[in-house]
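Per Swiss-Prot, the features are as follows:
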- 13-86: region 'Disordered' (REGION)
- 36-47: compositional bias 'Basic and acidic residues' (COMPBIAS)
- 77-86: compositional bias 'Basic and acidic residues' (COMPBIAS)
- 119-147: motif 'Q motif' (MOTIF)
- 150-328: domain 'Helicase ATP-binding' (DOMAIN)
- Ala163, Pro164, Thr165, Gly166, Ser167, Gly168, Lys169, Thr170: ATP binding site (BINDING)
- 272-275: motif 'DEAD box' (MOTIF)
- 339-503: domain 'Helicase C-terminal' (DOMAIN)
- 505-561: compositional bias 'Basic and acidic residues' (COMPBIAS)
- 505-594: region 'Disordered' (REGION)
- 571-586: compositional bias 'Basic and acidic residues' (COMPBIAS)
Amino acid sequence: MDEHDIFKLITAGVRFTKKSKKEPSSKQQLQPLPEVSKHEEPVKSEESDKDDEDITEFRLLDGDSSNQPKRKKPKKEKTLSPKELEIQKAAEEANETRKQYGIRVLGKNVPPPVDSFGTLTRDFKMLPRLQQNLLSRNFDHPTPIQMQALPVLLQRRALMACAPTGSGKTLAFLTPIINGLRAHKTTGLRALVLAPTRELAQQIYRECAELTRETGLRTHFISKVSEAKQKHGAECKQRYDILVSTPNRVRFLLQQEPPLLDLSHVEWFVLDEADRLMEEGQNNFKEQLDDIYAACSNPTKCVAFFSATYTVPVAKWALRHLKNLVRITIGVQNSATETVQQELLFVGSEGGKLVAIRDLVRQGLQPPVLVFVQSKERAKQLFEELLYDGINVDVIHAERSQHQRDNCVKAFREGSIWVLICTELMGRGIDFKGVNLVINYDFPPTTISYIHRIGRTGRAGRPGRAITFFTQEDTSNLRGIALIIKNSGGTVPEYMLQMKKVRKSEAKMRAKKPLDREDISTKIRPETKGDEKHKSTKLKKVERTEKILKNRKGYEKDLNSKQKKLGNIKTELKPAGKRKGNVEKKTKNKNNQT
């Protein structure tokens with residue numbers, strides 16, 4: 001059998017087509033036989049040769065059959081029914097609307113956003129009286145958060161919403177509550193709205209009272225716990241439909257024997273500023289919220305969380321407790337509003353802050369102005385300094401009585417106070433109309449705190465301005481806030497963006513325990529024992545660095561550059577008495593020489 005016979009045998013029944021461009025598989029390729037030496041040439045019978053040829057012929061033919069081109073059957077285009085075409089068109093329109101207004105949603109079967117309050121009347125049978133109340137408050141067109149949150153809550157879906165400050169979140173949860181409750185019932189509380197501060201809860205209550213006019217619904221705000229027994233006790237015949245309060249007061253009433261509140265009929269459970277209520281650390285509301293949520297035993301209740309920032313504790317709690325959850329985000333998550341002009345101002349030291357704020361006053365401030373500090377002690381100190389400068393200023397903090405705080409907020413709203421100094425107490429949700437400037441006198445401990453602070457200005461589309469002072473000690477937290485300013489359309493120096501990122505553990509520590517800052521004062525105060533201790537510890541550190549430098553190679557070169565600095569620091573840190581003694585010795589030596 002020669003080469004031609006072998007080729008014919010191999011190619012028997014094979015058809016070569018131009019269409020098939022596939023390379024032959026490893027099984028179909030002819031593999032060279034292993035070389036056999038003449039001395040070890042195997043002896044085979046003719047029968048075995050024929051059997052092998054038949055086997056190879058079968059294998060090749062079998063493999064070649066798979067190499068033939070398979071014609072794919074053309075897919076039949078699915079014809080959509082008129083209903084399916086309408087659904088597809090509606091979904092495309094909803095996505096276009098979301099893209100236009102920067103709305104992002106997560107969840108199954110999320111309803112499309114609404115473009116007007118009239119759509120709610122048509123699709124969800126909104127109360128005519130409620131729509132009239134909205135128009136009387138000049139709410140003629142829904143904001144992006146309202147466009148998406150209203151249809152979700154009107155379907156009684158669990159919701160976690162994040163939208164910038166001043167975007168209309170309060171109206172987004174009050175409207176579905178009022179429309180869902182419809183009219184007054186004597187069963188008791190059917191809606192519970194919780195806020196982290198009394199001022200914010202009072203603001204929500206005022207808004208709710210305006211929207212429930214002539215609807216028959218009764219809204220209540222717990223101003224004093226002592227009066228709650230008369231209004232919520234078993235002897236009281238008056239029943240409220242909506243309760244707005246802080247977690248502390250609600251939990252206190254639940255812990256009384258017997259409990260003064262019955263939350264078993266609650267149909268709506270809403271948390272405003274949920275990230276503050278759920279945050280970890282000192283003065284948190286987690287335990288209180290767990291007790292209150294357990295008391296709301298109605299299995300059909302609708303739960304909604306609203307905030308300007310997303311945090312991990314809120315997301316964990318929502319995923320653990322809520323079913324069929326919808327998540328809505330407006331714009332960039334955890335970002336500031338674009339209507340606020342943001343500035344970072346380096347002031348050098350704590351003393352430079354007073355100089356900077358007085359320069360701003362000299363240039364001409366446009367009231368009203370909010371000034372944020374990190375503690376109530378510093379708020380008092382700054383108040384005294386600015387009061388002596390003749391500025392129309394007031395201060396609000398936790399040590400002031402509730403009556404004083406209410407009067408202070410009222411005066412600031414009316415415009416009789418131009419500058420209001422406050423702590424983090426006023427950084428959440430409070431809506432002051434027309435605040436032109438926010439000054440972060442003390443650098444915010446976290447980026448979330450910064451977003452909420454500057455959110456007191458530039459609300460409802462109005463322009464605003466925010467100035468943040470920072471010293472050398474604040475540079476470690478500078479990068480995060482610089483990124484927020486850049487993401488919201490502002491300009492920051494490039495070196496701020498290239499700074500080292502802070503570790504999570506360090507960021508948590510600084511959030512829990514802010515920096516220990518110098519007192520706000522222009523007075524020259526005498527040195528105290530605490531100052532002497534501080535100086536002695538600093539002196540020890542300087543001496544320790546000198547020892548380390550001496551042990552290094554090339555110490556002389558290094559010391560020449562640093563010796564002057566270390567010497568100046570040591571002379572400043574040494575007690576005044578020792579310095580005087582040294583000066584007297586030097587003068588005596590000079591006199592003796594003369």
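Cβ atoms are placed via backbone N, Cα and C, with glycine included.
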Other than its close neighbours in sequence, what residues sit by the compositional bias 'Basic and acidic residues' (77-86), given a CB gap under 8 Å and a spacing of at least six beyond its ends?
none
Secondary structure tally of the motif 'DEAD box' (272-275) (DSSP, helix then strand then coil):
2 helix, 1 strand, 1 coil
Taking the centroid of the Cβ atoms of Ala163, Pro164, Thr165, Gly166, Ser167, Gly168, Lys169, Thr170 (ATP site), which other same-chain residues have Cβ within 8 Å of it?
Thr143, Ile145, Ala308, Arg459
I'd like to know which of the binding-site residues Pro164, Gly166, Gly168 has the most other Cβ atoms within 10 Å of its Cβ.
Pro164
What counts of helix, strand and coil residues does DSSP assign across the motif 'Q motif' (119-147)?
19 helix, 0 strand, 10 coil
Note down the number of other Cβ atoms within 10 Å of the Cβ of Thr165 (ATP binding site), including every protein chain shown.
24
Per DSSP, what is the residue count of the compositional bias 'Basic and acidic residues' (77-86) in each of helix, strand and coil?
5 helix, 0 strand, 5 coil
Which residues of the same chain, at least 6 positions away in sequence, have a Cβ lying under 8 Å from the Cβ of Thr170 (ATP binding site)?
Gln203, Ile204, Glu207, Asp272, Asp431
